[in-house]
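All remarks here apply to the structure that follows.
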Amino acid sequence: MAVQCSTTGRHLRHLLRRPRCICSSAISPRFLTTGAAADAHEAADQMLRTFEGKTATRRQMIDGNQLQKLCITLGRKHLWPDLDVSTGTAPPRGTPLPPGYHLVYFTPSDLEGALGADGSDRTFNAPAPFTRRMWAGGRMRWFHEARLRVGEEVEERTKLVGATAKKSRDGSEMILVEVEKEFWGERGLSLVDQRSWIFRPEALPAAATTTRHDTRSNQPHAALTHGKSEVRDLRPQSTYSNAAAEGAFPERHLSWSPVALFRFSALTFNAHMIHYNESWTRSVEGHPNVVVHGPLNLITMMDYWRDVHGEGGRLHAKQVAYRALSPIYAGESYKISSSTSSDGGDGSSRNSEHPRHELLVKKGQTICMRGEILGHR
């Protein structure tokens with residue numbers, strides 16, 4: 001889920017601070033829990049003490065079937081331009097994962113009894129009462145020569161790198177938690193994925209409100225619960241050089257149905273009820289409808305970038321920094337757009353070896369996610 005934030009800056013790499021690193025003895029993810037805390041400062045300190053020097057390690061085979069099911073969920077017939085996966089055939093061994101697609105691997109493995117009241121897993125969770133987790137943003141860095149591939153056995157290493165007490169816009173307490181995941185494959189380090197989560201006090205049915213519903217959506221309820229998902233470009237996709245010459249890139253318009261959100265929850269084994277349980281989402285969390293997953297928004301943003309700016313596979317994603325700023329709900333229409341930027345700020349980086357693009361995910365005039373992607377030729 002997205003979380004609102006008022007921070008702004010020239011480049012997103014400056015928006016997410018780099019906290020001090022805590023590393024590194026191996027532990028099992030199922031033991032990553034903490035006790036209750038009196039306030040956000042105590043909760044943050046408790047997390048730092050609990051997880052100092054600890055790394056959670058898991059190993060998994062990159063399964064082609066999971067990759068094919070993600071493409072179908074996204075409405076993409078082709079995983080890569082020359083690889084059609086719409087017939088039900090899984091990508092063959094050795095097929096590289098597109099940037100962001102690792103998010104459907106290394107999913108939670110807790111028994112239902114170990115999940116939070118809202119269905120979310122409690123790995124690297126803040127102590128009670130700060131148990132309501134929201135995806136806030138992060139950064140990823142890829143190593144192209146070692147990118148993950150189908151059939152490869154991969155090791156995920158996760159550690160806590162920061163926990164900070166914060167105040168929300170309404171003055172309530174929350175905790176910013178940052179974890180770092182490294183993915184090691186047969187060719188070495190493939191990806192570093194730093195994720196930022198916000199933890200707020202647990203939402204309970206007795207404390208639910210119904211007055212917020214209409215203020216968080218720009219469409220009526222009837223339009224939110226019917227129809228199928230849609231992904232389309234505003235105009236026929238231009239070549240990279242032509243789009244740049246015209247001074248504008250295609251806009252991608254999207255809308256996700258509850259069915260698609262359920263499928264994505266299943267793929268990621270994410271039982272967080274805000275993504276599929278309308279009753280919980282509305283009566284307890286105060287949203288007008290089920291919420292589009294933060295990772296789903298990130299994947300579609302990365303897909304847009306490789307379709308529009310990837311130069312037919314010649315340009316690879318080197319790193320991305322992104323912020324989730326406002327939620328998107330099932331049935332809502334939104335768009336992804338992009339512009340070319342450079343370190344010098346003159347917009348001339350498209351011919352450089354490391355072009356930089358700024359991407360916006362917008363619902364009407366509301367920015368829901370902002371990203372900056374650095375490419376590599």
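Here the Cβ of each residue, glycine as well, is placed from N, Cα and C on the backbone.
Positions annotated as domain 'FAS1-like dehydratase' by TrEMBL: 107-191.
Per TrEMBL, the feature region 'Disordered' maps to 208-236 (among others).
Marked as region 'Disordered' by TrEMBL: 335-359 (among others).
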Checklist entry - Taking the domain 'FAS1-like dehydratase' (107-191) alone, what is its mean pLDDT? => result 93
Checklist entry - Counting each residue once, how many in the domain 'FAS1-like dehydratase' (107-191) are helix, strand and coil under DSSP? => result 6 helix, 44 strand, 35 coil
